[in-house]
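Down below is the structure, laid out as structure tokens.
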Amino acid sequence: MVCFRLSPVPGSGLVLLCLVLGILTVRDAVGFRIPLNNIFRCNSLSTLEKNGVAQSYWDVHVQAFVQNGTVSTKEFLCEKDKTLTTVVPIIPTTAPSPTTTPTPKEKPEVGSYSVNNSNGTCLLATMGLQLNFTHDKVVSVININPNTTDFTGSCQPQTALLRLNCSNIKYLDFVFAVKNENRFYLKEVNVSMYLVNGSVFSIANNNLSYWDAPLGSSYMCNKEQTVSVSGAFQINTFDLRVQPFNVMEGKYSTAQDCSADDDNFLVPIVVGAALAGILILVLLAYFIGLKRHHAGYEQF
């Protein structure tokens, strides 16, 4: 038996294709009671075994008996998907504000991601990711688990894509772009998630400006940062480091630290305070000298 691993669509799960030398016929009736005009969805791994033949399925989306040529918007979840508990809704005592972002109890685990092309590694990313979103006035939080998250992407001269997906996240895209021919930044974030009630939450924003750094370097920020994609969706990042262009030998280049941005604000404040102090000292010296000058006239 010869087996191949296939990934037909970027972001989709891997498919294991095995060719058996010879013919083996296996018949087995497996029944799922699915309402008519419903899409059967099962992102979880399912394995069917009969007479020594095992078949594994995941990321299954299928509708039998399509009526009037129109695919249904209703979904029927398999039992494994119904037990997913990654999305934890926070139920407040009063109606929450659509922009309220709860503070989670624990930080997400930091994961390492990469994208390869014909020349080798072209994108590197290390980060802990926490998704905060509001749907139907309920605020929810998801910590991305890198151990159960797949990643793929692509690299172009002016843009680079990192795509993450797992059982309840159809895709989470980070799109980087080059600006002024010498710097890169995070330009776009797209997300589509399956919620526990069977609905889909999707947001896209291609007009962002985060994680700015010179080309040939990486961007690093160990402190918590927030990427505001929309009023209903934000991403908190922890221990972040990214380099979407000019990766050499699969390693990060020198990093531009986000603390340098804070220093850029502090420098003019410190300089202004110093100048103000000097001005005050000059004025004090002037008034003291003027007072002594008048006192000298009075002695005569």
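Using N, Cα and C of the backbone, Cβ positions are placed for all residues, glycine too.
Nobody curates TrEMBL annotations by hand; they come from automatic prediction.
TrEMBL has this to say about the protein:
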- C42-C78: disulfide bond (DISULFID)
- 92-111: region 'Disordered' (REGION)
- 92-103: compositional bias 'Low complexity' (COMPBIAS)
- 108-247: domain 'Lysosome-associated membrane glycoprotein 2-like luminal' (DOMAIN)
- C221-C258: disulfide bond (DISULFID)
- 265-288: transmembrane segment (TRANSMEM)
- 267-297: domain 'Lysosome-associated membrane glycoprotein 2-like transmembrane' (DOMAIN)
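Ranked by Cβ neighbours within 10 A across all protein chains shown, the disulfide-bonded residues C78, C221, C258 are led by C221. C42 (disulfide bond): 20 other CB atoms within 10 A of its CB, across all protein chains. Taking the C-alpha positions, the distance from C221 (disulfide bond) to C42 (disulfide bond) comes to 37 Å.
For C78 (disulfide bond) paired with C258 (disulfide bond), the C-alpha to C-alpha distance reads 44 Å.
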